[in-house]
């Protein structure tokens, strides 16, 4: 379903209401800080491990080893930018019972964002080192959708690994298609892991990929992200959904973003399922840089302002004709480029 388009007056009205709410929250926060300052301990480092609306869960980062980890529910100052799971913060624990307070955010190494319902950028996870792009035989994988995740990873500076889940569903009919799709991405340098979460088969490569990194699973609903987390971290016991018999799409089962620690080292951020994935505020030049093999070739085009569509001497077209790049990837680039609207925001729904 298309997103609601707002006129200038409606956007001004929404921004005015939001500004008034922020002002009221800031005044309340100033009063609360005066009242509770004496009840808080010394400032210390921490990491946001969960977000619950007006409160967050903070894990203390002071002291080495898992035995020193403690978590505490906290308020956060209204003057802070939006907190997300994975944020490294400065916080003050309560001296007795009660809630702590997050007082500052440390600089982010990376931030993963997506547009909200008004088209504004909204961070969903911070300090992610690796994006695990999950796909499965069902719902039927789309290279165009996979490319969207990979472009997002490239532009965010996050390493990407593709994870083919539900390998037990691959029959003789599906195998050639799945192998061709996987080989296309392996040829580009993206690792592709083939696993089966329900049977715990082939999870060793996934454990190795997760070790020592902060990772996030992405992918359309129904591909088994929660099942994979249960496979590598059984005590997480995340709810698992079935595919809808009507749409063939999965049902969203994760309702709160959360950071969990893995026995082999590293952290995993599980965030609510994303059925619609937009490429935020980008133009065609940015989109081009999200395609690593196309970006390398673009400088060899005959014309500096080449649109890579039908100009003579276009290096991308020549490379596709010569078999040096995959025609499917170039077609996906064209498709995504065509969906970029005039203000640079792309709209795409995996429901379609």
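For all residues, glycine too, the Cβ spot is worked out from N, Cα and C.
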Listed in Swiss-Prot for the Zn(2+) site shared with 301, 306, 308, one of 196, 314: 314
C-beta crowding around residue 225 (GTP binding site), within 10 angstroms: 29
Zn(2+) site shell beyond 301, 306, 308, 314, criterion: Cβ within 8 Å of Cβ centroid: 298, 302, 303, 307, 309, 311, 313, 315, 316, 317
Pairwise CA distance, residue 306 (Zn(2+) binding site) versus residue 225 (GTP binding site), rounded so that it is a whole Å: 40
Site with most surrounding Cβ atoms, counting all protein chains shown within 10 Å, from the binding-site residues 167, 223, 301, 314: 223
Least Cβ-crowded entry, counting other Cβ within 10 Å, from the binding-site residues listed as 165, 221: 221
